[in-house]
Amino acid sequence: METEGYRCRSSRHIESGQSAVPSSVLFAAGLLGNVLALLLLGQHRRRSRSPGGRPPRVSAFYVLVSGLAVTDLLGKCLISPMVLAAYAYNRSLSELGPGGRGEEQPGVLCQLFAFLMAFFGLAPTLLLLAMALECWLSLGHPYFYRRHLTRRLGATLGPLVAGLCALFCALPLLGFGAPMQYCPGTWCFIRMAGGGPRQLGFPVLYASLMGLLVLAIVACNVSSMRHLYGMARRQPRRGAPPAAAPRMEELDHLVLLGLMTVLFTVCSLPLIIRAYMGAFAADFNENADLSALRFLSVNSIVDPWVFIIFRTAVFRGFVRRV
C-alpha cells in the first residue's frame, strides 16, 4: 500500500506515449502573457507620470499587480525548462539531477522542482491577499489608506512575501514532508498520500494555508463590494456626482481582483481536496494528483491574460455599464 499508485516515483525514463507539445504550448502562452502584462503595466506607469517630470503616481495596487506578473513569469521560466529538458533527453527529473537513485530519495532536480511548485503556488496567493487588503482599505478606510499605504510599502511587500514563502516551502527539504516524482516523470511535488504524520503533515498544512488565504481574499472582496454598493446607493440618481470619477479606479481594481480570485480558487481547489483525501482517506490516485498539479500551474498562465483582456476598452466599458 505504501507505493500503490506511485508507479513513477523511481522511474528513470518518461512514460511512453507522452508528448512535449502541451507543455511547450503552455510555456509559450505563459511567457507571452506575462511579458505583455508587464508591458501594459509599464505603459500605465508612463501615463501616470505627473506634470513637470515628477515620478509617476502609481498606486500600491499596481505595484502588487506588477509583482504578481513578475512572480508568474519567474515561475514559468524556472519550472517549464526542467519539464522540456526531461522530454528532450527522455529522462525523468530524478535521473536528470545528481543523487537520489533510490526509491525513497528523489534527485536534486526533483527536489528543486517540488520546492518551486510549492513556492510559486503559495506566493501568488499571498500577493492576491495583499491586493484584496489594499482594495478593501482604499474603500472602507480611506484615511488610513492614504496615510500608511504607499508605493514603498507595496514594493517592500514583494520581497517579504517571497522570503516567508521560501522558508515555509523549504520545510520538506528539511524533513517535514517528502518530495516525490509523479508520472510521467516530468513532475515533482510533495507526497500527498501514504507515509506517517511527518510526511503528510506538510501537504495538509499547505492545503489548509491555501484554503484560509482563499477565504480571507473572498472576505475582503465581499466587504469591498459592500462598500462600493453603499457608495452607489448614496449617489443621486441624475447627474454625475463629483465623487464618481475617483471611485472608478477602485471599481476597476475590484473587478480585476475578483476575476483573478475566481480563477485562483478554481485552480487551487483540486490540490486542496487531493491533499486532504490523500492524508485522511489514503487515496493513491496519482492521475488525480497530477491533474491537481496541472490546475495549479495553469493559474500563472491564465492570470496575465485575464489582466490583458481586462485592460481592453471594450471590456472595461462593459463592466462600468453593468
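The backbone N, Cα and C atoms fix where each Cβ goes, and this holds for glycine too.
Database features (TrEMBL):
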- 20-41: transmembrane segment (TRANSMEM)
- 33-307: domain 'G-protein coupled receptors family 1 profile' (DOMAIN)
- 61-89: transmembrane segment (TRANSMEM)
- 112-139: transmembrane segment (TRANSMEM)
- 160-180: transmembrane segment (TRANSMEM)
- 200-224: transmembrane segment (TRANSMEM)
- 254-273: transmembrane segment (TRANSMEM)
- 293-314: transmembrane segment (TRANSMEM)
If you average pLDDT over the domain 'G-protein coupled receptors family 1 profile' (33-307), what do you get? 77
Go through the chain and flag residues at least 6 beyond the ends of the transmembrane segment (200-224) whose CB is under 8 A from any CB in it; none is fine as an answer. 118, 121-122, 125-126, 128-129, 132-133, 135-136, 139-140, 168, 171-172, 176-177, 190-194, 250, 254, 257-258, 261, 264-265, 268, 271-272, 275-276, 278-279
Close approaches to the transmembrane segment (61-89) from elsewhere in its chain (Cβ under 8 angstroms; 6 or more beyond its ends): 14, 18-20, 23-24, 26-27, 30-31, 34-35, 37-38, 41, 44-45, 96, 109, 112-113, 116-117, 119-120, 123-124, 127-128, 130-131, 134-135, 138, 151, 154-155, 157-158, 161-162, 185-187, 253, 256, 297, 300-301, 303-304, 307
